[in-house]
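Student: Starting off with a structure, shown below.
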Amino acid sequence: MAHATIHMGVTIPRLLRGARRICPAHSTLMVLRHSAFCYCTANGTLKSKRKMDHLERTASNFRQEVISQAKVCGITNESDTVKRLRLAIANKDFTFKAGQWVDFFIPGVSVVGGFSMCSSPGLLEREGILELAVKYTAHPPAHWIHTECTVDSEVALRVGDLHGYQEGKGNEYKMGTVKLYYSAKNTKELLFKKNILGLMNAFPGKIMCRFHVTQQSSQICEELQPHVTEGRISEKDLEKHVSKDTLWYICGPPPMIESISKLLSNIGVPTNCVFFEKWW
């Protein structure tokens, strides 16, 4: 599950002005200029000949001023279809908060990626490292990561913030309990399952997870068995958690988001309590 995508922020021409001011490195500017050329019309508005891409979908989102070069310092296969990138961040002023995402600029690739961080802000603060988990698709940034990216490849990153407009309003949030429904084809595709189990053990009753597998063909390991349901997430699974205080966050491919949104509507969840992102 993930945060809502609420549109606000800056356009590409402003992004380029910020890059010129903050990142003098020639390679970074070339990446951004090339990306802007592909996404902007003569009057600076965005358009697409196909489906809206990441920059178009998030064109009005708030973005931080800092753009940083980064070097790939590690690549790990988290599953058959997901790679984890470990990135060394060059700019000491580059920061992020949990729930944010990055614009991902690749030299020679005109399409800009949008990926959520899978590492903590603490890792960046301690070691200057940021990690991304990217599933294989034909989308050019993800395809590049899976087929061309190597250790020492250089990219540029810029943080997007979905909630920047709320800063300074004095809003307070008291954390309650978290229930995660996590669905994948099989248990091999359940990324970070050991981390999730560790959190469940560390915070019993506060963080809970139910793993759903839809095409499991092998025996489920003993550690996971108590937490796994075979089959898709159903209306029955969700309706027991409906209350006036519950917020619902959905992350996944568009058909899954639309399906779960419809289930929530069927059980009476107000639309203003349902949040999701669609980047592709």
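Here the Cβ of each residue, glycine as well, is placed from N, Cα and C on the backbone.
For 65-191, the entry in TrEMBL reads domain 'FAD-binding FR-type'.
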Student: Kindly state the mean pLDDT of the domain 'FAD-binding FR-type' (65-191) in the predicted structure.
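Tutor: Per the prediction, mean pLDDT sits at 87 for the domain 'FAD-binding FR-type' (65-191).
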Student: Counting by DSSP secondary structure, give me helix, strand and coil numbers for the domain 'FAD-binding FR-type' (65-191).
Tutor: 21 helix, 53 strand, 53 coil
